[in-house]
Amino acid sequence: MLTLLNRWRSQPGGASNAAAFIRVLESPKSAVTDKVLVLKAFNDWDVLVNTWFEVADALPAVEQLLDNNTFPEHSSAALLVSKVYFCLEQYERALEFALRGDFNVVPATRTGLGNDAEYVNKIIETAIDTYKTLSKQGSGIPQKLRDLIDRIVARNLDKREIWFVISLGFETTNLAMIDRAISAMPADLTIKNQTTLVETLNRVVNGAFDRSFRFQVIDTVIKTYLKCPSPDMSKICECYVLTDNAEAAADTITSLIAKSLSTRAYQIAFDLYETASQGFLDRVLKRFQQQDARDEKSMEKIHSILKGHETVKAYLDFFVRHNHTDSVLMEEIKENIRTASAHNALLISNGLMQYGTTCDDFLRNNLNWVSKATNWNKFNAVASLGLIHHGQESSAMKVLEPYLPKESVEGFGFKEGGAMLAYGLIHAKHGDATAMSTLAQWLKTAENEPVRHGACLGFGVAGLGSSSVSNYEKVREVLQRDEAVSGESAGIAMGLIMAGHLNQEVFNELKQYTVDTQHDKTQRGIRTGLACAAFGLQGDAEPYIKEAIGAKSNPMLRSTGICMLSMAYAGTGSPDVVRRLLEKVATDPNLDVKRYATIGIGFVLSKDPSTCLSYVAMLTEHFNGHVRYGAAMALGIACAGTGNMEAIALIEPMISDKEGFVRKGALLSLALIMCQQTDYTCPKVNGFRKQLLKKIGEKNEDSLVKFGAIIAQGLLDIGGQNAAVTMQNSDKQPDMGSMVGMMCFLHGWFWHSMHFFIALAAKPSCLVMMNENLKIPVLDYICHANSQKFAYPPRAESKKDKDVKKIETVVLSITGKKNASKKLIAEEKKRREAAASASSAAAAPSSSSTSGTAPAAEDEKMEVDQPGKSKKEKAPEKDTKPLHRLQNPARVIPAQRQLISISDARAYSPMKPLYKGGIIVADRVDKEREEKLVSEVVTQVNTPASSGNTENKPHSTFEININDF
């Protein structure tokens, strides 16, 4: 048999016509040794390439040999079957028989690929794909497949291909594999390995993974990262925030202080305040109390930073100095207002525009107009002061004193309730013990619903994320009164306090109250509150979400479950969650469920606008108006502050939608997307601004649309045109304040006062550099771009300027004769001066022409402008310089950050890259050079009317007493 096989293989043209040898395999009378020889011959690729289609017909016979326990060459038979299936391109079957062959398959080299190498690599590829699929399905993985994957992993680790193993671990959510790969890194950690750790961290943070899996991977990364000779402690503390390990973060700061690295410790403290919740920061401060402070001076600064004093002061300085609110625009909108709803909208919009600026000129200059506010409009008028004076905590009581309750509440308490909400907004996300105690006392002594309503909302926004059980219980007492209006605010406030800390007890309590109460306002408030409490919990919130969504006969609970699902997975980009939301859009009959499910896609994909566009594009043309509204808002959330042109193109047609609430949603969404955009970054923005004014001024437009247009104008210019609405913090992670603020803003569908909460999502577009003493030094930044690309939008023209009629100048006949005569005289004088002195001739003509002819012409002309000449004279010169300078603290919008550098890099060494923005602490490089500091923040203010570099006195406190409301 062996001789025949050799002759057959060596014949001219290679082996062919294998029928005779195939009969050997099929015949039960053939000797076993002959069958073994034939199998080995066919396993040679030189033979199989020409005969595999013939062998394919005999596969049943070969498979019978595999089932025969007495056959000695199972591996040869299995290998042959596997190769034939490979030729048939049935790769899963090829893998199955390769594994049954019980032989070691390892990847072949990439050089000189032959048939065998192609086969082996395809089997490996199929094995990995199968392993991934089974892992995601949670199905059992065959032991032989596990063994093969283990061999692949071991081989890659031996070759130091660590990232391949980590990627495979992420795709299969195999923590042991990731741990094995990271542990295999050398103790001295090269730059490449440190980069791998950073990539691992970015992958686990930005990926759609289970919370427990994420925490375990981050813990592994931290342990390995600490082995570095000089680890990035800022990155490590970022990990501690993600894993909610406040004690470790405190220990890190303490160790840096002990090593005399106080500047770096200050930077970490600033970053913690920006990204961590109040509850986390409280635990950090408690940890400090348990430690012995060696450097008390530095620790005092750390305490001040973590309590928010330094950040609030720096941002207040920035907003006041750079306030660029367009007062003319506000007056123009006011002139077009004819209804109470539009009046209410402008009060809210003014608060947003002047957020943090302490500039209440519009209210003080229009007291008669403001006094027209009644009932809840009066509530909002006073509450807007909380936005205007946000951060002015030291003088909060002085600002609000005229409106706070005295011995007895005047009227129905709308003014007092608004003042309490304003007090909470001034302390938003920063409710210290004094502020919370004050609000708690007001909450306890409140005598009517508007006062309790304002006290609850103020209490909740000041204590956002504190997870204080005692504060939660104080608000619960209001909920148990079973009042509609105060019950709504109590439900929201309970969720704000427990934001990110939902537990079984809280869920059961609020769910049961939703079922028991007859007030739909209270039910809606609890829905928003539970959604806020579920923020960021991901898999930990699944039991509560499934229980709520599973309430088949209760649409309020189902919509609550949808909101919780959106917030629990906000920013994760989980495709499974998006599919669940889309399923509810398609199948649930309730309109609230459909609307919130569509909006939820924007929350989940808030870090991935392009993916959100692909999911939501078709929904913008859905037959159901609530779905269209939800699609618009989803795009606004996911693309907030980006100026995304694709999103704008999808939303623009909805401005003319037949449904008024869809048109309103489209305007709000576009305002979110175009916030802080310029013609350079988004060519549509100026046209949209004109469209808003047109909507506000149209007499036949729906009042709901006008309300939305006015609020949209406030969003466009939020923070004096110095802030942007964004869903991420400085570390590009989902921001609790932003997500919670947006969820509360969406509650504005039912209750107008909730529009104030969008300010929680407004982040200052600033770059503030501080020295080691936490003072702001005088220094310049260089922006490597034309100054007009990132400039403020042009101011609106006043009505007086628009109404001026420009008439062509009338030139009398005698004037023409005089001008001609004067022209001849001037030319003669010019020739004489040129002959006398060449140098003076260069200057004399222009002097004579301007001083000799122009005044005479003006005397004879009528005092009006020439349209053509006026435009030429008044047109500003365009700045064509390729770069420009900015002064610290500077306004730097997100699109501008990558283009910023310090003018004198030898002066300061920042603790983090400038493109991160926000507050950056820097070490002085040249300490012998004299350091100049920026003047005190509150004492000098640039008003919108100021010109040049002169600085005016600060605005006087808005202390009118609106007793005639």
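Note: Cβ is positioned from N, Cα and C throughout, glycine not excepted.
According to Swiss-Prot, the feature compositional bias 'Low complexity' maps to 836-856.
Annotation source Swiss-Prot lists compositional bias 'Basic and acidic residues' at 863-882.
If you look up Swiss-Prot, you'll see 836-889 (among others) marked as region 'Disordered'.
If you look up Swiss-Prot, you'll see 943-965 (among others) marked as region 'Disordered'.
With a cut-off of 8 Å between Cβ atoms, the residues of this chain six or more beyond the repeat 'PC 1' (380-413) that come close are 312-313, 315-316, 319, 344, 347-348, 350-352, 354-360, 363, 370, 373, 419-428, 430, 435, 442, 445-451, 454, 458, 752-753, 756, 759, 957-963, 965. The repeat 'PC 1' annotation in Swiss-Prot covers 380-413.
Look at Swiss-Prot and you will find 418-452 tagged as repeat 'PC 2'. For the repeat 'PC 2' (418-452), same-chain residues at least 6 beyond its ends with a Cβ under 8 Å from one of its own Cβ atoms are 278, 307-308, 312, 376, 378-387, 389-393, 396-397, 399-400, 403-405, 409, 412, 458-466, 468, 471, 474-475, 478, 481, 483-486, 489-490, 737, 753, 756, 759-760.
Swiss-Prot lists 454-488 with the feature repeat 'PC 3'. Here the repeat 'PC 3' (454-488) returns a mean pLDDT of 92 for the predicted model.
The repeat 'PC 4' annotation in Swiss-Prot covers 489-523. Within the chain carrying the repeat 'PC 4' (489-523), a Cβ under 8 angstroms from the stretch's Cβ atoms is held by residues 277, 279, 452-454, 456-457, 459-461, 463-468, 471-472, 475-476, 478-479, 482-483, 529-537, 541, 543-544, 547-548, 554, 556-557, 560, 564, 736, 740, 744, 747, 750-751, 754, all 6 or more beyond its ends.
Annotation source Swiss-Prot lists repeat 'PC 5' at 560-595. Using a Cβ-Cβ cut-off under 8 Å and counting only residues 6 or more beyond its ends in the same chain, the repeat 'PC 5' (560-595) has close neighbours at 206-209, 502, 511, 514, 526-528, 530-532, 534-538, 540-542, 544-551, 601, 603-608, 611, 615, 619, 624, 626-627, 629-630, 727-728, 733-734, 739-740, 743.
Residues or ranges marked as repeat 'PC 6' in Swiss-Prot: 630-664. Residues in the repeat 'PC 6' (630-664) partition by DSSP class (helix H, G, I; strand E, B; coil) as 26 helix, 0 strand, 9 coil.
Sequence-distant contacts of the repeat 'PC 7' (665-706), counting only residues of its own chain at least 6 positions beyond either end whose CB sits under 8 Å from a CB of the stretch, comprise 332-333, 336-337, 339, 341-342, 345, 628-630, 632-633, 635-637, 639-645, 647-648, 651-652, 654-655, 657, 712-713, 715-716, 718, 721, 723-725, 765, 788-791, 793-794, 893-895. The feature repeat 'PC 7' is assigned by Swiss-Prot to 665-706.
Sequence-remote contacts of a segment are chain residues at least 6 beyond its ends whose Cβ falls under 8 Å from one of its Cβ atoms, and for the repeat 'PC 8' (708-738) they are 205-206, 238, 242, 271, 274-275, 277, 318-319, 322-326, 329, 333, 342, 345-346, 348-357, 359, 428-429, 464-465, 499-500, 535-536, 570-572, 603, 606-607, 637-638, 640-641, 663-665, 667-668, 670-672, 674-676, 688-689, 692, 695-696, 755, 758-766, 792-793, 891, 893-894, 916-918. The feature repeat 'PC 8' is assigned by Swiss-Prot to 708-738.
As a summary of secondary structure, the repeat 'PC 7' (665-706) carries 27 helix, 0 strand, 15 coil according to DSSP.
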